[in-house]
Amino acid sequence: MANSQPKASQQRQAKVMTAAAGSASRVAVPLLLCALLVPGGAYVLDDSDGLGREFDGIGAVSGGGATSRLLVNYPEPYRSEILDYLFKPNFGASLHILKVEIGGDGQTTDGTEPSHMHYELDENYFRGYEWWLMKEAKKRNPDIILMGLPWSFPGWLGKGFSWPYVNLQLTAYYVVRWILGAKHYHDLDIDYIGIWNERPFDANYIKELRKMLDYQGLQRVRIIASDNLWEPISSSLLLDQELWKVVDVIGAHYPGTYTVWNAKMSGKKLWSSEDFSTINSNVGAGCWSRILNQNYINGNMTSTIAWNLVASYYEELPYGRSGLMTAQEPWSGHYVVASPIWVSAHTTQFTQPGWYYLKTVGHLEKGGSYVALTDGLGNLTIIIETMSHQHSMCIRPYLPYYNVSHQLATFTLKGSLREIQELQVWYTKLGTPQQRLHFKQLDTLWLLDGSGSFTLELEEDEIFTLTTLTTGRKGSYPPPPSSKPFPTNYKDDFNVEYPLFSEAPNFADQTGVFEYYMNNEDREHRFTLRQVLNQRPITWAADASSTISVIGDHHWTNMTVQCDVYIETPRSGGVFIAGRVNKGGILIRSATGVFFWIFANGSYRVTADLGGWITYASGHADVTAKRWYTLTLGIKGYFAFGMLNGTILWKNVRVKYPGHGWAAIGTHTFEFAQFDNFRVEAAR
């Protein structure tokens, strides 16, 4: 092919123009004469009258919950490549902020994340994967800002109530221990700490938290509140001077680019501390592009944080693929660098926390928006977006209709900015597949005639970044392996003496916490997987009454699931294995499938749901606590059978809905139990 440059790229080279004199070989291609007939607007970028608000950075959330669960299982080099796309400066998303869940043992959207203190006298700062993720982010960007926020809390904090504010000092102690543990065990400095995600705040608790932070020498840790709506936190700050003094940032979720009067009057930094939450298609990318600009223009928000960082959880869980990129196949190594990565780069690669917005930002006459930021040292970055309504709808809130049309936009630099003579140009086109182009560097734009003016031809669903910085880069790696379904023959004996992570690969805990465990006296089952909660957490979502961890392929139909099980609780204890489990995450209480239970009282049950409301079969089983048993569950078509220690216990049980789903293990209640030698043979 004589010219391999993408057609869209060729077209865009003709979209940037300047009337400035200069080397003809280095200016952008002039516009066609017919383009002069397109309506246009004039916009001034000026720092003469001072600057706007300080920019605090763009980031993403890991957790809320278990959204990075599968990432840790990826083999190298693919795991490191994914992390580079997220965190490496001037490579991909180049995020400024990483916000993580402070695991509290409860279901928090797509799974549970373990607490550092399951019980009052228990402390372990190596559970889960958020510590690891923060360290990996810091390796790539030592300046990345770290935030922690609880969604759920371990049950012991509630003293019998599902409420974290029963003992304010105890809850503050619990959170501060997490911050201290991050530093002591992982050399991680937490910069911001939150209160309780999307749940009520207690003003006295916030004051107590500040007091305890200061007592522990953590004056540098700032408090963000309340990670919910703008109200009532904003009015509370205005009415309570002591509370106003201890809150550094008002963080709102899914604000729709707008704030409220009380928040503005507070004088506090305003953040969209959780936003996006949209499938990472080009529509999701359009959503992300629009709110990155307009959260500041419309709402004075100086930071926007996406939920979630990377879609590393089974896609059929709630909000599948709602990360900046997708990495949900550690068994194959396949991942997808989705378009929100490159939308992020338009801002993150050319700004830093501590820069300032210009006062002269706003909306374009024919739809779209522009912001400009400076470091005060002569550098300038301008980000322009023209996202159409159709291609930028976020999952929430409702987006009123608006129109974007073809237009010319003339920008004039004034004040100290007029000294700028050249701008690097980066371009993205979203919208239809035939037009898409992600983060393409165009020709340098020269401003040599002293006017400080340039004109852009803008169409729908475009992003331009014009910047004095020359460090931008579209990083890349060779294509990852092809996508493959979860292996249909899978087994895990949990024989890991020194596990790198507390959880077994690919198991996704949906209620309860399942961790590697070592028996000191049982040689045959020395290394096992153990459900470690004996008390219901202070929940954020509707956790099930039974604990459960799912694994495999949601499309599995026929399967044989086998596992050695050990009930630790006499008389009332029970465990199960299951197949065709159809739901998880915040919907786990209503999960259906085929559940094969045995109980320490010498009985068994086969149910159609996790809650045990529909019973297929039941009867006597030679089972007691404190002994190992091998359970086998077979499902084929409309029939199922169950075996205990290799002997048929029940058979020819007719099963109906659902027709497919994951395999699973779990316990009857929040109780200790162990699992070993798990295996599944399945078919899609």
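Yeah, the Cβs are placed from backbone N, Cα and C, and that goes for glycine too.
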| Disulfide-linked residue for Cys394, taking Swiss-Prot as the record, within Cys287, Cys563 | Cys287
| message | Based on Swiss-Prot, name the residue from Asn73, Asn90, Asn197, Asn204 that is recorded for the same substrate site as Thr109, Trp151, Arg396. | response | Asn197
| said: I'd like the number of other C-beta atoms within 10 A of the C-beta of Thr109 (substrate binding site), please. | reply: 24
| query | Once the chains shown are all counted, how many other Cβ atoms turn up within 10 Å of the Cβ of Asn403 (N-linked glycosylation site)? | reply | 9
| request: To the nearest whole angstrom, state the Cα distance for the pair Asn601 (N-linked glycosylation site) and Thr109 (substrate binding site). | output: 34
| note | Cβ-Cβ distance under 8 Å, sequence separation of 6 or more, same chain as Asn300 (N-linked glycosylation site); the residues meeting this, in order, are Arg53, Thr259, Lys264, Leu270
| task | May I ask which of the recorded positions Thr109, Trp151, Glu198, Glu274, Arg396 is closest to Cys287 (disulfide bond) if we compare their C-alpha atoms? | result | Arg396
| Any idea what the Cα distance is from Asn403 (N-linked glycosylation site) over to Trp151 (substrate binding site), rounded to a whole Å? | 38
| remark: By the 10 Å Cβ-neighbour count, the most surrounded of the active-site residues Glu198, Glu274 is Glu274
| field | Neighbours of Glu198 (active site, proton donor/acceptor) among the recorded positions Thr109, Asn379, Asn558, Asn645 (Cα to Cα, within 10 Å) | value | none
